Amino acid sequence: MSDNSQKKVIVGMSGGVDSSVSAYLLQQQGYQVAGLFMKNWEEDDDEEYCSAATDLADAQAVCDKLGMELHTVNFAAEYWDNVFELFLAEYKAGRTPNPDILCNKEIKFKAFLEFAAEDLGADYIATGHYVRRQDVDGKSRLLRGLDGNKDQSYFLYTLSHEQIAQSLFPVGELEKPEVRRIAEQLDLVTAKKKDSTGICFIGERKFRDFLGRYLPAQPGPIMTVDGQLVGKHQGLMYHTLGQRKGLGIGGTKEGGDDPWYVVDKDLDSNTLLVAQGHEHPRLMSVGLVAQQLHWVDRQPVTAPFRCVVKTRYRQQDIPCTVTPLDDERVDVRFDDPVAAVTPGQSAVFYQGEICLGGGIIEQRYPLTNPA
């Protein structure tokens, strides 16, 4: 008998392939496994309702196939209060938040973890995230997933070592093609299902239309960094630094046909600033200040240290020096300038495979100060 046979694991079943295979792998490891489908959004239209109903049906079909129970829970109120309202407030303030990080912090590894432990008697929860856990000296570390293309540690940096100690990540040890292969061998309904993109639980939809339901559009001018009016935007909230598509402006006689990129947002004048070329000096930063820090080991940083940072998901590692400003903020200086560092997004720090933690980008240090 496996030592795991007395341990109960609740898997967050999303109706996708990663959580499906996670449940199977845990069964193979000898755990008592059940699923939990979380409903975190009250749908507004038929299309959304259909998508959520399909996900639930797929999760149920997988659980039936694997011979395990599926529980359901509604966290829509928690999601609205702790994720969505903050998400809207950030957009209103001209920043670009990452709702998936908030959702993991408030829902998947808080509300779900508490519900699984208290209501379902779970010893552990499990998710289909591509990350790994390593236990060293009685503390759990968060490691990058084995599949570098799929590593999701960027989204989980807010977790504490205590939360990680109660969590299992079976597919973090595998590469994505292997996960699909296992699902196909088991003839799971999710084997060929497309990976979900879009906002956490809100799903795939036209982002501009969605945001427009909750925040009124505030049109304003699009200006070049040289002060030339080149167009009109429908609202600063629809744009993010480094964005190229959806600006509705072509080349100019002076600038030729190089594409335009968003390089700044002036909230006071409701102006979107653009420049041509993805390495325009105004788009580059030499560092940043991060706030709302979360360190996985929960030890405050007291001295400068070297590491690498990511300022967005799937970005190349950026070598940097991190210096504490106070308990809540750090100063980060890159070895080389970096494009499109975006306030509101997260800066996540690593040493080798270990995810140390991270924070929200409060401000960036531009390569060139505006005249």
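Yeah, the Cβs are placed from backbone N, Cα and C, and that goes for glycine too.
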Quick check: of GLY121, GLY128, GLY138, which does Swiss-Prot put in the same ATP site as GLY12, MET13, SER14, GLY15, GLY16, VAL17, ASP18, SER19, MET38?
GLY128
Provide the number of Cβ atoms within 10 Å of the Cβ of HIS129 (site 'Interaction with tRNA'), excluding the reference atom itself.
26
When the Cα of SER14 (ATP binding site) is compared with the Cα of each of the recorded positions CYS103, HIS129, GLN345, which one is closest?
HIS129
Give the maximum pairwise CA distance in Å, whole number, for the residues GLY12, MET13, SER14, GLY15, GLY16, VAL17, ASP18, SER19, MET38, GLY128 listed as binding ATP.
16
When a 10 Å sphere is centred on the Cβ of MET38 (ATP binding site), how many other Cβ atoms does it contain?
23
Here's one to test understanding: among the recorded positions CYS103, HIS129, GLN345, whose C-alpha is closest in space to the C-alpha of GLY12 (ATP binding site)?
HIS129
DSSP three-state assignment (helix, strand or coil) for GLY12 (ATP binding site):
strand
